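A.B. asks: Sharing a structure below in structure tokens format, with a few things to ask.
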Amino acid sequence: MVRSDGFNSLPTPSPPPAEQKQPPKQWGVTRPLSHAGPSEADIQRTRDLEKFLVASGLYESAEEAAKREEVLDRLKQIVKDWVKELTRLRGYTDQMVEDANALIFTFGSYRLGVHGPGADIDTLCIGPKYVSREEDFFYVLHNILAEIEEVTELQPVPDAHVPVMKFKFDGISIDLLYASISLLVVPDDLDISNISVLEDIDEPTVRSLNGCRVADQILKLVPNIENFRTTLRCLKFWAKRRGVYSNVTGFLGGVNWALLVARLCQFYPNANPSMLVSRFFRVYTLWRWPNPVMLCEIEDDELGFSIWDPRKNPWDRNHLMPIITPAYPCMNSSYNVSASTLRVMMEQFQFGREICEDIELNKAQWSTLFEPYLFFESYKNYLQVDIIAADLDDLRAWRGWVESRLRQLTLMIERDTCGKLQCHPYPHDYVDSSKHCAHCAFFMGLQRKQGEVIQEGQQFDIRQTVDEFRHQINSYIYWKPGMEIYVSHVRRKQLPPYVFPEGHKRSRHIRLMSQQQVDKVSSDGSDACRSDSAERVIKRKKQVDLPELEERREKRQSISPQKQGLSPENICSRVAGGLTECSSAMSGTMKEVAATNESCTLMDGRAPEAVSFNSRHVCTGSSMRMLQLVDRDKELPDDSKTSNQEKHCAENSDTCCNSSSSNSSYGSSSYSGLEPHAALAMMLKSGDGVGSEPVQENVMRHVIEI
């Protein structure tokens with residue numbers, strides 16, 4: 001064989017090395033569920049979604065964004081001057097005064113880049129170790145801010161789980177936290193992600209720092225920040241429209257939704273927003289709670305702070321929907337979720353899943369997904385919580401306190417009825433514009449547990465539960481004259497007009513159509529209990545003829561004398577007219593209460609001291625009424641049936657609930673032994689909620705019949 005010398009003189013080239021495929025990067029604690037990217041249809045659906053979000057006004061203007069930056073710059077200068085002045089007053093050297101510094105960090109929706117017009121800015125001030133929270137922050141800085149003309153609605157909340165100062169600066173809402181770290185001088189380039197900032201600080205300071213540390217970690221742990229932001233903005237808007245956006249009432253707040261969306265982005269690292277929204281509902285509808293949602297492994301450090309660990313901490317085992325923060329110390333950000341609120345969220349997730357499936361099949365538009373939840377069409381019975389104050393400033397503080405305790409009312413009802421009576425607290429307050437006093441009202445839907453086999457006519461006595469809740473509210477240490485609360489029962493037909501967007505109740509036909517949509521997305525168990533409810537209502541209406549209706553009306557009038565006493569409307573007008581009239585009426589009411597129960601010693605309308613007797617036996621004779629509720633598909637029974645059924649329920653509930661409540665992490669013993677102050681007792685003498693229709697005396701009972 002003839003060879004070419006020139007060819008043979010060249011070195012034989014080696015074959016190209018086989019390309020070693022690098023495994024795809026793992027985001028989170030598990031491998032992704034899919035690496036698939038968007039199709040053309042997904043890209044078009046994302047365009048449509050983004051257009052809808054813009055049209056819905058979820059993005060702020062450039063002018064508002066610039067104003068936020070100006071406000072933050074002003075705030076940074078204010079806290080820096082504040083620390084320098086404190087350093088000088090405490091006799092430090094001139095060099096220390098010159099080096100004295102304080103920093104402002106942002107967290108929450110603003111830090112994550114998903115805030116909208118009018119949203120508040122969550123901020124954290126970090127100062128040196130000699131500047132305290134109790135005196136310097138909540139006293140000295142508070143007084144400095146109070147003197148600034150642009151600062152309004154200044155409200156310090158030093159006893160909150162995370163101490164905060166709330167105010168508006170030139171119209172921009174600010175939530176300001178404070179953390180004093182173990183440094184004499186705070187450097188401008190401080191890295192709060194470094195665990196060293198947690199050395200030698202207390203638990204409230206750790207919680208204050210945690211918001212910024214968590215926000216930074218979230219942005220580091222998602223594959224695509226822009227897709228994460230669009231998806232989160234979309235789902236927060238959806239949650240608000242569907243009534244499941246509120247950490248304080250037992251649903252999910254901003255950080256909870258951010259963590260859920262971030263974990264979803266880890267599952268689908270190449271998906272675009274339309275894909276992520278659809279898969280969000282698919283994944284979390286099938287999620288097996290209480291398995292935790294985690295963006296990374298739970299880190300335990302030698303600093304010794306408590307972390308979420310159900311293996312070591314018994315109280316962590318009671319969490320129903322754990323969503324774990326990614327920064328040390330890792331905590332469950334959703335410990336407020338109860339069985340009732342989890343049920344509501346799962347129903348809404350199922351609703352979202354079905355709508356997204358229709359959108360992918362071109363059977364629905366994005367606007368369908370964001371239709372508001374018809375809360376006042378979904379239940380037959382509601383609890384109405386009316387609160388009144390002397391002025392708007394007092395109402396702001398009083399409202400915040402009451403709203404923060406509504407979750408406890410939900411937990412108490414679950415505990416005392418063994419979970420058979422479910423509550424749906426609605427995270428919105430309502431104001432009757434026709435009233436001239438500072439007031440608002442919250443509402444809770446009530447129904448029996450879906451799929452639960454319960455005896456016909458079974459009742460739940462929640463008189464003691466509501467009484468305990470009243471005493472929790474009464475423990476407010478900043479109570480002022482004029483702060484009133486009243487809990488009442490209203491049926492759907494008695495809901496005040498101001499809760500409806502149009503100012504009036506909708507027609508029966510529209511309500512029936514809405515109820516059918518609710519039944520469609522409910523669980524299998526609820527289908528068995530609630531199917532064809534609208535049809536049965538129509539049949540009942542047809543079966544009731546006019547003579548029978550007149551007979552019922554005469555019977556109701558004969559056994560239901562006209563309710564006497566004060567109404568919240570009268571009290572509301574008295575508060576608006578002045579507290580002197582209210583005080584005189586209050587004293588008369590208190591004489592009646594004291595005559596009924598000699599153990600109730602009331603102290604001049606002021607917040608009460610602890611007394612030795614149990615709160616479950618305080619003033620129930622005159623100030624507590626019983627509330628009778630019915631199942632969604634049952635009519636109100638005759639009053640003659642209630643006494644025996646109530647006794648039967650009380651016996652059963654005592655047997656089954658004692659063991660349940662003993663294992664609960666939400667004990668209520670610390671709130672027993674408080675008696676109501678005069679203003680609260682005065683409100684409880686009334687039989688109606690503010691703006692509700694009158695309800696006869698014999699029907700107002702805290703006994704739930706199903």
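Cβ atoms here come from the backbone N, Cα and C positions, even for glycine.
When I checked TrEMBL for this same protein, it listed these features:
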REGION    1-42  region 'Disordered'
COMPBIAS  1-10  compositional bias 'Polar residues'
DOMAIN    28-222  domain 'Poly(A) polymerase nucleotidyltransferase'
DOMAIN    227-371  domain 'Poly(A) polymerase central'
DOMAIN    375-433  domain 'Poly(A) polymerase RNA-binding'
REGION    540-570  region 'Disordered'
COMPBIAS  540-557  compositional bias 'Basic and acidic residues'
COMPBIAS  558-567  compositional bias 'Polar residues'
REGION    635-660  region 'Disordered'
COMPBIAS  635-651  compositional bias 'Basic and acidic residues'
A.B. asks: For the domain 'Poly(A) polymerase central' (227-371), give the DSSP counts of helix residues, strand residues and coil residues.
C.D. replies: 74 helix, 6 strand, 65 coil
A.B. asks: Check the domain 'Poly(A) polymerase nucleotidyltransferase' (28-222) for me and report the mean pLDDT.
C.D. replies: 95
A.B. asks: Write out how many residues of the domain 'Poly(A) polymerase RNA-binding' (375-433) are helix, how many strand and how many coil, based on DSSP.
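C.D. replies: Breakdown, helix to coil: 28 helix, 15 strand, 16 coil.
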